[in-house]
Amino acid sequence: LSRHDGEATGEAMAAGARPFRCGACGKRFGASATLTRHQALHGAERPFSCAECGRGFCDRAALAMHRRGHTGERPFACAECG
């Protein structure tokens, strides 16, 4: 039975199914571990806030990455087109 369950899960994943759903926001995931990590974000403290839109972040690096969306900053250039 466990082998059958594994095969069924493998087939579902191959078909692009995401059987694990977050109860808080409805987002779906292909692995239970990914869902567990995601669910931790719902209860996490977010002390770093964007001054422009007010969205909160768990760490300073995530806020900095978010702010690039407001400023249009692209710190990494494409090797082919610049």
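Start at 1 and count along the chain as shown; that gives each residue its number.
Quick reminder: no glycine exception, Cβ is built from N, Cα and C everywhere.
Here's what TrEMBL has on this protein:
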| type | residues | note |
| --- | --- | --- |
| DOMAIN | 20-47 | domain 'C2H2-type' |
| DOMAIN | 48-75 | domain 'C2H2-type' |
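Per-residue pLDDT, averaged along the domain 'C2H2-type' (48-75), amounts to 91 for this model.
Among residues of the same chain six or more beyond the domain 'C2H2-type' (48-75), those with a C-beta under 8 A of the stretch's C-beta atoms are 41.
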